[in-house]
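**Q** TrEMBL lists 6-26, 33-55, 61-79, 100-123, 192-210, 217-238, 244-263, 275-291, 297-313, 325-345, 400-421, 441-461 (among others) with the feature transmembrane segment.
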């Protein structure tokens with residue numbers, strides 16, 4: 001597939017990501033750039049909740065029923081929004097004006113990040129060569145097959161029939177809707193959503209966040225577009241490691257939620273127009289983030305906590321008499337409750353395999369320069385962020401935001417170098433004790449901090465360089481100098497060794513070469529011919545670790561093992577371990593007939609997670625019965641592409 005052919009799916013993904021949220025946000029009363037920036041979070045919240053409702057009612061997850069629900073929901077949202085706006089009509093507006101430079105900055109980020117992804121993906125229909133990709137791509141196919149994108153139903157992909165478990169399926173709801181339009185295959189739809197999330201959703205949120213910190217700074221507006229694309233750890237790494245599509249979506253939405261919290265939490269916001277409306281909108285954004293990946297909602301709370309404390313302490317001190325003691329107690333109880341919920345929810349990471357890999361001091365250095373686990377450090381971007389921290393401390397300005405940045409640093413250091421298992425479980429269990437996730441979280445605060453650093457350098461230029469050049473700050477020459485500085489910043493960050501290394505890693509992750517980590521080009525070619533040989537109601541066996549599990553996403557044919565943690569078929573174990581003994585063990589054929597298995601994909605036993613986790617996995621022994629079938633006389637070859645073979649089971653005819 002060419003990149004030109006990718007344009008229609010990309011436009012459809014943008015329409016799905018922004019359209020519903022834009023309609024609902026406009027009906028509620030959001031306007032201008034705020035409406036654009038928060039539309040994706042509203043979309044994710046709307047689609048996630050609607051998917052649960054439709055799942056319970058048995059309504060198919062398809063474009064027309066979703067469009068009908070959007071029209072119906074827009075009416076009460078519009079009425080409620082009108083009532084809220086009337087109550088606040090006489091209060092002054094505080095939202096900064098939107099200039100053409102805001103969209104220029106967005107375009108800068110979109111072009112740079114889009115270029116990164118074109119280089120990294122290689123082609124728009126490539127598949128991520130990572131273990132998590134099995135669940136995400138097959139999950140989209142499962143939604144299309146079952147007609148339900150409910151967070152209570154998607155685990156049916158891997159659970160026995162009738163079993164249910166909650167899994168936040170916000171990303172899957174969005175991506176399946178793109179795929180349901182028929183505009184592209186599942187891999188194309190997945191990559192289209194990835195590009196939209198990285199190149200549009202993420203920089204839009206960064207711009208909104210920067211506007212909450214420096215509302216009317218043209219220099220900050222332009223700089224944030226460059227810095228949003230400057231850190232390899234996000235968004236590029238989260239579309240490489242894992243692959244963590246839902247977490248990448250949640251982090252891309254996070255700056256918008258922080259922007260609302262920061263604007264509400266700063267003193268001027270409490271006297272502004274629409275505080276109730278903004279609070280409601282913030283709640284909706286957080287719902288969207290939670291349905292994408294709940295850990296990001298906890299990250300939001302941790303990053304907002306410094307501002308809450310910064311506002312609470314002087315407010316409590318101003319309370320007269322004994323009531324002050326009551327408020328101190330309430331603040332303490334609130335912090336204890338927050339910590340308790342944080343630790344309780346962190347139990348989800350109790351069994352995660354991620355170990356520490358360095359000492360606290362070096363982890364601190366890595367947190368500043370984004371050099372996760374020996375990766376090449378982002379010297380330019382990291383130095384600007386550090387300079388921003390120093391400048392804010394020096395000027396004693398927005399110290400609460402310095403604390404917000406420090407929160408992300410502490411979380412990363414604990415994950416990468418925490419001295420005890422229990423401490424890591426308590427502090428970063430909610431992130432599965434996974435350093436790469438927290439390396440990406442660092443970028444959320446590092447981007448605006450790097451903008452502060454860039455502004456500090458620009459002030460030095462204005463103070464020392466412009467007078468020597470006989471230029472005034474508002475002159476054409478000064479503006480040209482500033483534009484040149486942005487170009488230099490783009491080149492310094494995009495041509496850095498750190499970005500080059502990340503792009504190379506991403507390219508390895510999305511390769512379709514014959515030595516691909518999981519699914520080679522030959523194996524995929526064979527999978528795409530499966531409909532010529534296998535009936536629609538048949539089931540195919542195959543070792544999921546080797547990439548055979550992707551056959552479900554690519555063809556719609558059911559797999560005995562759609563995931564390596566699959567419990568759909570009770571007969572799976574005996575087939576996986578003993579199919580090549582079918583001539584000697586009657587129980588094997590009983591299991592084959594019961595499960596409806598007719599064919600086997602044999603991709604050998606080689607596999608390697610391109611996520612470079614370093615975890616050793618025995619993916620061969622549990623599926624040893626699926627090898628050497630023709631030699632055992634239990635199956636015949638139907639099709640072949642290189643070393644990849646499709647067999648038909650003959651022993652159980």
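Yeah, the Cβs are placed from backbone N, Cα and C, and that goes for glycine too.
Keep in mind it's a predicted model, so treat the numbers as computed, not measured.
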**Q** Could you tell me what the rest of the chain brings near the transmembrane segment (441-461), counting residues at least six beyond its ends with Cβ under 8 Å?
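**A** Answer is 206, 209-210, 213-214, 217, 219-220, 223-224, 227-228, 230-231, 233-234, 251, 254-255, 258, 299, 303, 367, 370, 381-389, 391-392, 401, 404-405, 407-409, 411-412, 431, 481-482, 485, 489.
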**Q** Give the nonlocal contacts of the transmembrane segment (33-55) in its own chain as ranges (CB under 8 Å, at least six residues past its ends).
**A** 16-22, 24-26, 61, 65-66, 69-70, 73, 95, 98, 102, 148-153, 168-171, 173-174, 177, 197, 200-201, 204-205, 207-208, 211, 249, 252-253, 256-257, 259-260, 281, 284-285, 287-289, 291-292
**Q** Need a quick answer: max count of Cβ pairs under 8 Å to the transmembrane segment (192-210), which of 61-79, 100-123, 217-238, 244-263, 275-291 is it?
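**A** Looking at each of 61-79, 100-123, 217-238, 244-263, 275-291 in turn, the most contacts to the transmembrane segment (192-210) are made by 244-263.
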**Q** Select the range from 61-79, 275-291, 297-313, 325-345 that forms the most Cβ-Cβ pairs under 8 Å with the transmembrane segment (244-263).
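**A** The listed stretch sharing the most Cβ pairs with the transmembrane segment (244-263) is 275-291.
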**Q** Using a Cβ-Cβ cut-off of under 8 Å, list the residues of the same chain that are 6+ residues beyond the ends of the transmembrane segment (325-345) and lie near it.
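**A** The answer is 294, 298, 301-302, 305, 309, 312, 315-316, 319, 426, 429-430.
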**Q** List, by number or range, the same-chain residues at least 6 past the transmembrane segment (100-123) whose CB is under 8 A from its CB atoms?
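**A** Distant Cβ neighbours of the transmembrane segment (100-123) are 1, 3, 33, 191, 194-195, 198-200, 202-204, 206-207, 218, 221-222, 224-226, 228-229, 235-236, 239-240, 486, 490, 494, 499, 503, 506-507, 509-512.
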